[in-house]
Every structure is written in C-alpha cells, then in structure tokens.
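Below is one structure, written out as structure tokens, with a few remarks after it.
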C-alpha cells in the first residue's frame with residue numbers, strides 16, 4: 001500500500017490487516033505510563049488541512065507522535081495558501097522539506113488523488129476530500145464496531161442523516177459491504193445522492209421501521225456548510241423525523257450500539273441524553289481513531305512487519 005486515498009482501493013484482506021494492526025497498537029500501548037513507541041523515529045509527517053477538524057487532525061498528530069515521528073501541522077489559514085499558493089506548490093514544497101507522508105483534508109473531491117498523481121514516493125493519506133471519501137473514518141468505525149460486536153459479517157448497520165454530503169457514509173458503505181455487513185441508509189429523499197441504489201445498500205425514509213433490527217446506528221450531522229438551498233422544511237421537523245430521540249433509542253435491541261463520526265449536533269440528529277447513553281460509543285470511536293491512524297502510518301511508512309515485531313522500549 002503506497003497511499004490511502006479511498007476504501008475502494010483496499011481489498012477485504014487489506015482492510016482487516018489495518019484493523020488487526022490497530023488492535024496490536026492498542027495492546028502495545030496498554031499499561032504504558034509513557035505512550036511512546038520508537039516505530040517511526042526519524043520519519044516526518046505533515047498534516048495539510050484546508051478544512052476545520054478536531055478529531056481527525058488531533059488523532060493523526062497523536063498517532064504520529066506516539067510512534068516518535070516528527071509531526072508538523074500546516075493549516076490553510078496560516079500558510080502561503082492565503083497568499084494564493086496552489087495545492088500543487090504547497091505539496092511539492094513539503095515534499096522538498098522532507099515529508100515522508102502528507103495527511104490531507106480538502107474541500108474538493110479528488111484533491112488527495114490529484115496530489116498522489118505527482119508527489120512521487122511521499123505517501124498521501126486522504127483525511128477527507130469534499131463529499132467523496134474519508135477512508136480513515138470508515139476504518140476506525142469498523143474497528144470500533146468489531147471491538148463492540150465482533151465479526152462484522154451479517155451485522156445490520158443503519159446510517160442516518162445527510163447521506164448526500166457525507167464522505168463518511170460513502171466510505172462506510174464501501175467498507176461494510178466489503179466485510180459482509182448489511183447497510184441501510186435512512187434519509188429524506190432530498191439528502192440522498194443520485195445513483196445511491198448502486199451503492200449496495202438498502203434505502204429507507206422510515207427510521208422507526210429500521211431501528212428494531214439494527215445492530216448499530218450511525219447518526220450523521222446535517223452539513224449545512226455544504227448546502228445552498230432548503231433540503232428540509234426546518235431543523236425541528238428534521239429532528240422529529242430523523243433524529244435519534246429517547247423514544248427511538250428505546251426501540252433498539254439491548255446490545256445495539258449508537259455511533260457518530262462527530263461533531264455531534266445534540267438536539268438535532270441525536271438527543272442530548274442519548275449522546276451520553278451507555279451504548280453510545282462515540283468516545284470509543286475517537287480512541288480507535290488513534291490506533292487506526294497509527295496502523296495506517298505504520299503500514300505506509302514501514303510495512304512488511306507487524307507492530308509487535310518492531311516494538312521496543314523508547
């Protein structure tokens with residue numbers, strides 16, 4: 001694996017390899033007072049974020065630093081991008097400085113692929129490109145779900161909300177299908193993309209009908225920043241029809257889990273108390289995100305050996 005641009009680039013075995021590696025890193029860090037491994041000592045990772053981020057950016061930085069890499073953050077608002085520098089020139093500048101990996105988030109779909117086409121031997125990791133792909137989010141979601149419920153084959157995962165603008169929904173649908181899960185999208189017709197029937201998922205507009213059979217429910221934020229028109233009458237009506245209320249939460253099986261990629265809009269797509277319920281695994285997703293991103297950096301920059309084979313005390 002040279003880059004990580006899309007879930008569709010990975011085979012099921014490669015997906016499972018990353019998830020297994022993430023679990024090995026979690027085990028390697030368990031009980032350590034100082035969370036530091038020498039795995040990527042001497043490697044340099046640049047994060048290039050052209051959109052705001054909390055979880056993805058912080059967990060990539062943590063992942064790199066816990067493996068002793070030098071991690072340098074570049075934000076569009078404080079770089080030469082503000083002076084008109086192109087994405088190509090910025091990426092080539094960082095490569096010339098000595099980047100071993102570029103972690104990219106960009107509002108344009110295909111931006112990470114564009115950089116990968118000319119950057120040579122520097123690894124490119126897509127941390128979200130427009131409404132196209134968010135492969136590391138799908139990998140951490142699957143890792144979290146497997147830790148909670150075991151093998152994903154046959155699990156019914158219901159993904160609810162703004163599917164149209166969601167790179168998370170696209171990446172999760174591809175990954176979950178690859179691992180044999182059954183995926184249902186629930187959304188108003190205005191928030192479903194054209195051609196969604198070809199994604200290998202079921203589509204429903206009735207959340208109440210899907211909840212009783214769900215093994216996991218993933219709530220998505222309405223991405224108002226990507227909307228230019230009225231996709232639903234009001235926030236109140238959206239929450240009434242598609243929000244995970246306390247009453248709807250009670251419809252779930254006892255062992256079902258509630259997920260959210262964040263940031264959550266409490267009171268919109270998820271009830272305040274449901275967001276903090278015992279079976280809501282949002283914080284477990286964040287924790288898994290660090291382990292998964294460690295695994296990805298490791299496989300791209302080292303490869304060929306498992307974390308357990310390369311681990312020594314720092």
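A Cβ is built for glycine as well, from the same backbone N, Cα and C atoms used for every other residue.
In Swiss-Prot, the carbamoyl phosphate site is described by 55, 56, 134, 137, 262, 263, and among 24, 88, 105, 202 the residue recorded at this site is 105. When the binding-site residues 83, 167, 221 are screened for a C-alpha within 10 angstroms of the C-alpha of residue 262 (carbamoyl phosphate binding site), the residues that qualify, in sequence order, are 221. Note: the CA-CA distance between residue 83 (L-aspartate binding site) and residue 55 (carbamoyl phosphate binding site) rounds to 27 Å.
Cβ crowding, taken as the number of other Cβ atoms within 10 Å, peaks at 262 among the binding-site residues 262, 263. Only 134, 137, of the binding-site residues 56, 105, 134, 137, 263, have a C-alpha within 10 angstroms of the C-alpha of residue 167 (L-aspartate binding site). Sitting within 8 Å of the Cβ centre of 55, 56, 105, 134, 137, 262, 263, and not among those site residues for carbamoyl phosphate, are the Cβ atoms of 53, 54, 127, 128, 168, 261.
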